[in-house]
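To keep things clear, I will list the structure first and then write my remarks on it.
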Protein chains: 2
Amino acid sequence: MGYTDVDQLAINTIRLLAVDATFKANSGHPGAPMGMAPVSHVLFNKFMTFNPQNPNFPNRDRFVLSNGHGCMLQYALLHLFGYKVSMDDLKNFRQLDSITPGHPEAHDTPGVEVTTGPLGQGFANAVGLAIAQKHSAGVFNKPGYELFNNHTFCYFGDGCAMEGIASEAASMAGHLKLGNLIAIYDDNHISIDGDTKCAFTEDVTKRFEAYGWHTVWVKDGDNDLDAIEAAIREAKSVTDKPSVIRLTTTIGFGSKLQGTGGVHGNPLKADDIEGVKQLFGFDPKQSFVVPQQVYDLYHKHAAEGAAKEQEWNQLFEKYASEYKAEHAELTRRLSGKLADGWEKSLPTYKPSDPAVATRKLSEAVLEKIHDVVPELLSGSADLTGSNNTRWKNAVDFQPPEYNIGDWSGRYLRYGVREHAMAAVMNGLAAYGTVIPAGGTFLNFVSYAAGAVRLSALSRVRAIHVATHDSIGLGEDGPTHQPIETLAHFRALPNCMVWRPADGNETSAAYYSALTSKHTPSILALTRQNLPHLENSTIENALKGAYVAVDAPNAAVTLISTGSEVSICIDAATYLKEKHGIAARVVSVPCFEVFDAQDKSYKLQVLPDGIPVLSVEALSTMGWERYSHEQFGLNRFGASGPYKEVYAKFEFTPEGISKRAIATIDFYKGHPVRSPINRAFQQIL
Amino acid sequence: MGYTDVDQLAINTIRLLAVDATFKANSGHPGAPMGMAPVSHVLFNKFMTFNPQNPNFPNRDRFVLSNGHGCMLQYALLHLFGYKVSMDDLKNFRQLDSITPGHPEAHDTPGVEVTTGPLGQGFANAVGLAIAQKHSAGVFNKPGYELFNNHTFCYFGDGCAMEGIASEAASMAGHLKLGNLIAIYDDNHISIDGDTKCAFTEDVTKRFEAYGWHTVWVKDGDNDLDAIEAAIREAKSVTDKPSVIRLTTTIGFGSKLQGTGGVHGNPLKADDIEGVKQLFGFDPKQSFVVPQQVYDLYHKHAAEGAAKEQEWNQLFEKYASEYKAEHAELTRRLSGKLADGWEKSLPTYKPSDPAVATRKLSEAVLEKIHDVVPELLSGSADLTGSNNTRWKNAVDFQPPEYNIGDWSGRYLRYGVREHAMAAVMNGLAAYGTVIPAGGTFLNFVSYAAGAVRLSALSRVRAIHVATHDSIGLGEDGPTHQPIETLAHFRALPNCMVWRPADGNETSAAYYSALTSKHTPSILALTRQNLPHLENSTIENALKGAYVAVDAPNAAVTLISTGSEVSICIDAATYLKEKHGIAARVVSVPCFEVFDAQDKSYKLQVLPDGIPVLSVEALSTMGWERYSHEQFGLNRFGASGPYKEVYAKFEFTPEGISKRAIATIDFYKGHPVRSPINRAFQQIL
């Protein structure tokens with residue numbers, strides 16, 4: 001209320017920064033920033049608490065631009081409020097090595113909470129951020145100490161609204177009654193193909209009502225600042241439901257092409273820009289102009305945010321005296337470090353221990369460590385009993401009124417929503433107080449590929465518990481048996497794929513996943529039981545690969561992962577007994593970790609002179625990096641009891657031995673260079 | 001109406017077949033079949049037209065079990081109606097090499113339309129089947145000749161309802177007003193984690209209303225056959241909207257554990273089975289029992305279906321006399337063969353032709369062939385102008401009342417719904433009269449990974465037009481630049497990944513994709529312009545790889561794809577001029593096609609004695625199969641003008657030459673065996 005010319009000036013300043021930056025870059029999306037400038041002005045100045053001097057203030061309100069292509073809006077706001085985003089950074093929009101890339105990247109730009117652009121992701125990230133807030137409040141808030149009460153605000157457009165991942169996340173948020181989440185839907189009726197009437201005519205508001213959201217409609221999002229303010233106020237007042245504000249706007253407001261697809265993904269033409277500047281009372285000859293009143297207004301709000309952080313810091317200091325343990329705990333969590341000595345709780349095993357499926361061994365890890373790693377939030381996409389992701393006395397994260405859990409609960413029922421799960425986990429991790437782990441079948445991590453990719457790109461510590469990791473799942477058959485999945489995620493940069501062969505390797509996988517602050521991990525785990533290996537230790541496994549069975553004068557090295565390692569060990573015995581051939585066996589639970597070892601260790605594991613045969617019951621793709629010959633499955637699997645399926649595809653001591661002998665014969669008389677030796681280094 | 005004891009007997013027979021088969025297999029899902037037997041009995045006998053003697057009758061009603069884990073329901077029905085699914089097949093449920101695998105597979109089992117199980121896929125397939133029906137009717141129906149008027153019926157459960165892909169598909173179906181689609185929602189309140197109240201409390205019916213669906217609720221789906229029949233009748237009467245019937249059922253009806261998660265994914269215990277059989281009036285000592293009255297009833301309906309096919313065949317014969325061309329056209333389409341000589345329309349290019357982006361060359365192919373391949377249905381997930389998937393005079397597939405297209409339209413506006421798009425394409429292809437092509441950015445084919453996998457597994461001819469295929473997309477940055485994507489899909493069995501380097505290769509990619517009746521293809525296409533290559537011909541490209549530049553006494557072979565081939569050719573010149581080194585260049589537009597060539601040709605392309613360096617601006621994973629050393633990008637890309645991004649990562653003649661020299665040096669004095677020579681054959 002009480003908006004003046006300065007407010008309008010600020011709004012138009014934002015619009016023109018987006019216009020100028022996209023024009024200069026000759027690339028980018030001016031339309032959404034021009035349409036969403038008014039709501040941004042109101043939201044950021046009247047409702048949001050943040051401190052540009054410390055983008056990590058724990059109780060800041062979170063902002064997510066799910067329609068990330070409109071990022072010039074976000075960069076303009078960050079600049080105006082005084083984040084470390086300079087005018088030169090705006091001028092370098094979409095230029096090489098700038099901090100203003102084509103879509104917002106959290107690790108690049110101060111003030112960007114999550115990496116967005118791939119549509120629908122940001123929306124689901126926002127749900128994760130809101131869950132993390134509720135959970136942190138549930139754990140750390142005390143009477144008189146409301147340490148966590150921030151809101152999460154999320155913009156999304158028609159594109160996000162069409163994406164299934166956003167539907168999944170919205171349904172989840174409605175179920176969880178996330179009253180701290182306010183999403184603003186840029187209802188501008190335009191997507192890249194033009195008017196949304198060509199593909200998207202559903203009633204979005206009604207759909208959100210069906211999910212259990214509170215809904216508000218602002219009919220003139222271009223001009224009616226009072227209505228915008230009232231809508232956000234109303235949304236904030238509804239605390240038992242997430243809210244969506246349908247904000248009807250004109251994309252590219254002010255342009256000759258406003259309201260059309262022409263302003264969505266292309267810079268405005270020079271003459272159009274001139275007209276827009278005249279319309280807004282700006283000098284058409286000048287670019288990247290910010291009137292001092294606008295800086296003043298925004299810096300004033302930034303100063304208020306800094307003051308609020310000061311208040312919070314004082315409250316937190318006082319908290320220290322009354323809640324010493326909680327204070328220490330929260331301080332530790334915010335540092336990203338795990339509790340000292342937590343790793344002593346990791347279970348270890350002897351070869352004589354009974355054979356157990358790695359999914360159960362994973363459960364054993366969770367059972368042992370959940371107390372010492374209290375920031376770990378586990379969950380599953382409706383496969384709890386199969387993924388074994390829930391420790392026995394876990395409490396569900398649920399709105400207390402359901403009487404099946406509470407806000408401090410550490411087990412998330414994601415529902416059958418794999419893609420949203422992975423993206424919610426990215427949001428959870430981004431909040432800063434929790435480490436998310438989420439389970440599904442390995443084959444269905446592929447449903448979440450878009451979000452896992454962003455885990456890796458945005459350097460997030462998230463743990464994907466991926467059980468039923470091969471044809472070893474048996475009867476469910478080829479629709480559920482992964483073949484290409486490990487190759488896919490091994491090819492993804494900054495993603496660790498673990499496929500442990502036994503108990504100690506499973507513990508190592510968790511150690512690695514939990515201590516890798518900037519890397520997501522996928523733990524591929526078996527349905528079927530596996531024996532514990534002779535040379536397996538947490539330390540060995542943490543090198544990524546190690547010699548599981550050594551043999552003097554070996555004629556061949558068998559290199560393998562997970563459930564196939566013990567079969568390789570049997571094959572080595574078979575080769576010895578039936579053919580008098582000495583074979584070494586190498587277990588390589590994690591390629592990425594092995595790659596990071598020094599060369600001399602790697603050559604110890606895979607020395608020159610001995611041909612290497614890889615064995616894994618999945619696609620052979622990628623194995624050439626560590627082996628001369630590859631035995632795998634470059635076809636789909638089969639439905640049947642798993643031992644029969646393994647036999648069908650010859651993943652047996654005999655089948656492996658046959659190929660080992662072929663490998664030995666093939667390399668007879670040829671000098672054999674270790675695959676570790678390469679002509680040059682990769683760009684990293 | 002008028003249901004008798006025989007109807008109830010049939011329903012209980014179905015239930016018990018599911019109980020017996022899952023018990024015998026000691027694996028599987030009895031709950032859904034027990035709950036859905038009543039609606040199945042009514043739907044199949046009272047509403048569906050099909051001929052078990054000819055599962056391919058073109059105008060048959062289609063049935064899709066999206067909750068594919070309940071497949072014993074489907075297998076039991078197929079058996080009872082007399083499809084080639086024997087009692088022994090039922091007894092072999094989930095056994096190796098049976099035609100009754102753990103989830104329904106279209107290519108295995110007569111009467112199964114699409115491969116389902118991965119949740120949500122079947123629902124989207126059903127939308128595709130319904131679109132294909134509307135389109136076929138639009139093209140082939142004439143006054144007095146309603147050749148295509150079938151319905152598509154789809155079952156789905158809470159799991160499917162939670163999946164984003166189903167949300168996307170439902171929104172699309174609502175927009176398209178698919179009155180021929182009837183979905184039946186098994187509202188049993190149970191998923192694997194137990195009661196849906198733990199994760200899924202939205203109002204599903206209201207959500208479907210928001211999408212524009214007609215909705216009906218049957219409150220007692222266990223017993224009220226009249227209400228079921230009335231609901232289906234009502235749904236059929238609504239022809240301008242898809243319908244969803246919310247059918248409240250008791251999962252595992254009849255079991256001691258009915259209505260709980262205990263009957264979802266596990267066989268019933270022996271004593272429970274005894275009780276169920278007693279309850280249903282069956283002999284507890286007998287298994288796999290089908291009373292003769294039940295066979296009689298079902299075979300009677302099957303015979304009616306056969307008679308209806310006869311009528312249809314007569315109508316179609318009559319059609320031949322009045323609509324000769326259409327008759328011939330439809331006959332051809334149903335055979336799966338393309339029109340004779342269609343390939344003559346494929347554009348060809350000379351090296352002197354101007355450089356063009358392969359996405360534009362793809363558009364040129366569509367422009368040239370759309371008339372001679374009238375079964376081709378193109379489309380895009382809201383990136384029409386970027387994917388270049390629409391020929392100039394294309395008509396949109398839209399309900400005529402929108403006045404923006406009609407049912408005969410061949411361009412689909414999928415909206416920003418990549419996952420549904422790919423699954424809808426699987427349904428389109430399964431109908432038998434169309435070949436679907438759909439566009440998005442290569443990076444977002446990953447959103448559709450679950451559906452692309454099923455394209456491959458179910459052997460479907462679908463064409464994924466995947467533009468913006470590398471860091472060459474430039475400014476949009478790492479969120480949009482694929483790195484792992486080609487490795488992922490190259491690792492997927494029965495999926496052809498094409499990355500053409502120029503015009504002739506692009507034409508070859510289309511030739512291959514369109515003539516591969518049982519294999520999906522992904523065409524990875526550039527945003528940036530590429531020159532036409534000297535040795536590029538459609539014939540050469542159709543070998544998967546060929547020598548683009550030969551050189552006597554070559555010291556190195558550069559092998560590459562797409563946009564990097566011409567840079568390799570420049571690198572070969574650079575190596576010659578600056579270093580006096582002779583280099584060959586091989587273009588390998590498609591690994592899978594190259595793999596299928598005979599060994600002597602492959603050795604011609606990659607001969608012994610010359611080390612091979614691969615060059616591709618994506619993950620190096622998989623390239624070891626064709627090269628000794630690999631130059632690629634095992635990290636994320638960067639936002640900036642594409643030439644600068646290429647230079648940053650050294651994909652330049654200089655950068656390639658440096659690595660070529662390192663490769664030559666590394667292999668100096670070492671005998672070099674072609675990567676084509678392997679110790680043994682892979683299992684295929």
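In case you wondered, yes, glycine gets a Cβ from its N, Cα and C as well.
Quick caveat, the model's predicted, so the values are computed rather than measured.
In the three-state DSSP scheme, A:Glu418 (active site, proton donor) is classed as helix. Residues or ranges marked as active site, proton donor by TrEMBL: A:Glu418.
Look at TrEMBL and you will find A:His69, A:Gly117, A:Pro118, A:Leu119, A:Gly159, A:Asn188, A:His264, A:Phe444 tagged as thiamine diphosphate binding site. DSSP assigns A:Phe444 (thiamine diphosphate binding site) to a helix.
Look at TrEMBL and you will find A:356-532 tagged as domain 'Transketolase-like pyrimidine-binding'.
The site 'Important for catalytic activity' feature in TrEMBL is assigned to A:His29 (among others). Listed in sequence order, A:Thr22, A:His69, A:Gly70, A:Cys71, A:Met72, A:His264, A:Gly265 are the same-chain residues six or more apart from A:His29 (site 'Important for catalytic activity') with CB atoms under 8 A from its CB. According to DSSP, A:His29 (site 'Important for catalytic activity') sits in a coil region rather than a helix or strand.
The DSSP secondary structure for A:His264 (thiamine diphosphate binding site) is coil. Around A:His264 (thiamine diphosphate binding site), taking its Cβ as the centre, 24 other Cβ atoms fall within 10 Å, counting all chains. The site 'Important for catalytic activity' annotation in TrEMBL covers A:His264 (among others).
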For the thiamine diphosphate site as recorded (A:His69, A:Gly117, A:Pro118, A:Leu119, A:Gly159, A:Asn188, A:His264, A:Phe444), determine the largest distance between any two Cα atoms, in Å, rounded to the nearest integer. 34
Binding-site residues A:Gly117, A:Pro118, A:Asn188, A:Phe444: which have a Cα within 10 Å of A:Glu418 (active site, proton donor)? A:Phe444
Cβ-Cβ neighbours of A:Asn188 (thiamine diphosphate binding site) (radius 10 Å): 28
Near chain B at Cβ under 8 Å, of the listed recorded positions A:His29, A:Asn188, A:His264, we get none
Identify, in sequence order, the residues in the chain of A:Phe444 (thiamine diphosphate binding site) that are 6 or more apart from it along the sequence and have a CB within less than 8 Å of its CB; answer 'none' if there are none. A:Ala381, A:Glu418
For A:Gly117 (thiamine diphosphate binding site), which residues of its chain lie six or more apart in sequence with Cβ-Cβ distance below 8 Å? A:Gly68, A:His69, A:Cys71, A:Gly102, A:His103, A:Pro104
Residues satisfying Cβ distance under 8 Å from A:Leu119 (thiamine diphosphate binding site), sequence separation of at least 6: A:Ser66, A:Asn67, A:Gly159, A:Cys160, A:Met162, A:Glu163, A:Ala166
